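Please read the structure below before turning to the comments.
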Amino acid sequence: MLKVNKYVILIIAFVSQMMFSTTAQASFSATVSDAWSTLSNNVTQTWQAPEHYDLYVPVITWHARFAYDQEKIDNYNERPWGAGFGMSRWDEKGNWNGLYLMAFKDSFNKWEPIVGYGWEKTWRPLADDNFHLGLGYTLGVTARDNWNYIPLPVILPMASVGYGPATFQMTYIPGTYNNGNVYFAWLRFQF
């Protein structure tokens, strides 16, 4: 009798795990599907009905000093000369959506293009609605000289502070020792 109970318990445990796993999988699939739908709708709406056209001006790259040998720091470019163009809109929740194309001088002083989509949750904490803060992400594709200009996908965090049509946007490229760990910022002017 005791052996039968062990088998019954094992079967019940196995079946319940399978049921839970199937439910969790369905929930995860629905979440991914909803996220993809939201992203593609935001990109499409920004492309088809932009409120603004944007000028991008890269202003700084900074290599985290704790993550690099001094010799590398001394040889890196931290003035990312370049420019970019984009289109953007504020959605019904007041959040920023933008499509952009930018080219700038990378750490090795070689041209690096990037094209992508950015989204920021936007807060207007002051009585003056012109002042805004943002926190979000960017998805895009870049290409670098040291990777033979092979297209590389990027998913990066993004933050901003702005007043009216001028916004200081930034990201951080994570990495390992002597690779990545770069703060990159640019000015964005809306027209």
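Backbone N, Cα and C define each Cβ position, glycine as well.
What Swiss-Prot says about this one:
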type: ACT_SITE; residues: His63; note: active site
type: ACT_SITE; residues: Asp106; note: active site
type: ACT_SITE; residues: Ser107; note: active site
type: SIGNAL; residues: 1-26; note: signal peptide
type: SITE; residues: Lys72; note: site 'Role in lipopolysaccharide recognition'
type: SITE; residues: Tyr177; note: site 'Role in the phospholipid gating'
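Structure with Swiss-Prot features highlighted.
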residue: His63; record: active site; contacts (Cβ under 8 Å, 6+ apart): Lys72, Ile73, Tyr76, Glu78, Ser107, Asn181, Val182
residue: Asp106; record: active site; contacts (Cβ under 8 Å, 6+ apart): Thr61, Asn77, Pro80, Glu112, Arg144, Asp145
residue: Tyr177; record: site 'Role in the phospholipid gating'; contacts (Cβ under 8 Å, 6+ apart): Ala67, Tyr68
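Of all Cβ atoms in the protein chains displayed, 14 besides its own lie within 10 Å of the Cβ of Lys72 (site 'Role in lipopolysaccharide recognition'). Here the Cβ of Ser107 (active site) has 19 other Cβ atoms within 10 Å, regardless of which shown protein chain they belong to.
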